Amino acid sequence: MDEKQSLTVSDAVDYKGFPANRSKTGGWVPAALIVGIELCERLSTMGIAVNLVTYLVGTLHLPSATSANIVTDFMGTCFLLCLLGGFLADSFLGRYKTIAIFASIQTLGTGTLAVITKLPQLHPPPCDPSASQNCKQANGFQMGMIYLPLYLIALGTGGLKSSVSGFGTDQFDEKNDKEKAQMAYFFNRFFLFVSSGTLLAVTVLVYLQDEVGRSWAYGICSVSMFTAVMIFLCGTKRYRYKKSMGSPIVHIFQVIVAAINKRKMELPHNDAMLYEDPAATSTVDHTNQFQLLDKAAIVAEGDFEKSVTSAHNPWKLCSVTRVEEVKMMTRLLPIWATTIIFWTTYAQMITFSVVQASTMERSLGAFQIPAGSLTVFFVAAILITLTFYDRLVMPLWKKWKGQPGFTNLQKIAIGLILSTLGMAAAALVEMKRLSVAKAVGRSTATLPLSVFLLIPQFFLVGSAEAFIYTGQLDFFITQSPKGMKSLSTGLFLTTLSLGFFLSSFLVAVVKRVTGSKDGQGWLADNINYARLDCFYGLLATLSAINFVAFLVCAIWYKPQKPKQVLAMETTTNEGSAAEKC
């Protein structure tokens, strides 16, 4: 029996619903197919986002602050919809179907955007940038036609991203030492591929948008996504699928409702008196945090339909394991909240930093670097950081500490420090840029200042993302309950969403507080008349305060792991063939 179990994965099935054969399913090959679709998603989404602000300003003739907010709202919606994707994956569709469906929606969105940007009727007539006061802005219909494909893409991205990383980790068995070691490397290599897609987006794709045409570039995005979906579907027989454990949101509300209804009851002195599901194959030990939730596990009259041996009403009585799973999700929230500000600083790299670049000297010999392509230094920082960490830090740390690299919370802490330094560097560079603008004339289209001065802020924030993204991804997947991993991934990705929305909020508040009727202030329509250095300084200060809050939350956080009930495992293996993902 032990030999038979070693050939199959206990908690996974193949595409037919039978126990997954370890040698024929899972591992790096299917994981690579899954990562491939994420690479193309990054190519599409970032290829659109990093250069969208120049399209909104230059073609649709919108103010720079308005354009920046449209970009951050678009990116924020992308990641906010990850919660919807996570809910659908965990509750109804499974991760495989969720990826296939929402990747197809994104393909449709990029194709629609390619058509819309090609039609001259859907944008205002071109005008000379030097006479910007006379430029006609896009009307409501034209803006609506741009919003349509953008938010189709946002819907596709949200559903796709919530499941890709989780489905990738499903291809590795945590109970197998060899595969568990492979999973430790998966998170870094996953993000390495994601960053490669971003690198292609900010170099090749941005160049094509500026020099060949946006419709051609967006058409390439659509074709690449379609190809990725086809390749993803080709791996159907090789994937491992995890069985749906029901709606995690329903489970969370069941615990909350049961705890509220029993709030006046006294907890027993012995934790063993709390209810635990006797049929559970995996349980979680009771903890003393959030004791109000423990009341959901108190056995009371009427909790069972007929007798103690019959099924219980989950809205009246929840097992200790179910309660502890909700506690596990609750413990994630402080770490979740203190990582939001990083994505606000990240948002500046694809909005105001691109606008900064457009005012600076970008010539490299006879070649003119597109402003949006400056984010190549941001992506290069990510790739260099990940490679350095993967090839040097992880092996050395394993020899010294016996662990395969920094913990997830250590990675997040390093990222928060680097991002704070990045915003401080951005403020200093902007002070220099403004001094040059004042000296040569603020109306000068291209300042005699090298765009490469922006490299420090791109590099510091890029390195920060390498640590924070992999740290967050690892933290939210490994520290969440087994049946809530897609929801947890969606929760992680909402930090990106809220970071972008916070950026839009701060821009609106700062513009209102510091602005004037003639369009001046910290975030003036023409950034040569603005005080973007003050705005960057504000973000650096907020980031420093947030880092202190993160340290407090990290010290408070105590990880918790489920334990396997070995006696029940054989029964589960025999019954799993009857259930499909």
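Cβ coordinates are placed from backbone N, Cα and C, and glycine is handled just like the others.
These features come from TrEMBL:
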type	residues	note
TRANSMEM	43-62	transmembrane segment
TRANSMEM	74-92	transmembrane segment
TRANSMEM	99-116	transmembrane segment
TRANSMEM	146-169	transmembrane segment
TRANSMEM	190-209	transmembrane segment
TRANSMEM	215-235	transmembrane segment
TRANSMEM	332-355	transmembrane segment
TRANSMEM	367-389	transmembrane segment
TRANSMEM	409-429	transmembrane segment
TRANSMEM	449-469	transmembrane segment
TRANSMEM	490-510	transmembrane segment
TRANSMEM	535-557	transmembrane segment
Completion exercise
Highest Cβ pair tally under 8 Å against the transmembrane segment (215-235), stretches 43-62, 190-209, 535-557, lands on 43-62
Problem - Interface check, the transmembrane segment (74-92) with the transmembrane segment (190-209), three or more C-beta pairs under 8 A - result: no
Exercise for the section: May I ask whether the transmembrane segment (332-355) has at least three C-beta pairs under 8 Å with the transmembrane segment (409-429), counting pairs 6 or more apart in sequence? Expected result: yes
Exercise for the section: Mind checking which residues of the chain, 6+ beyond the ends of the transmembrane segment (43-62), have their Cβ under 8 Å from one of its Cβ atoms? Expected result: 68, 70-71, 74-75, 78, 106, 110, 113, 117, 123-124, 126-127, 129, 132, 135-138, 142-143, 146, 150, 153, 157, 197-198, 200-202, 205-206, 209-210, 214, 217-218, 221-222, 224-225, 350-351, 354-355, 358, 370-372, 375
Exercise for the section: Tally Cβ pairs under 8 Å between the transmembrane segment (146-169) and each listed stretch (367-389, 449-469, 490-510), then give the stretch with the top tally. Expected result: 490-510
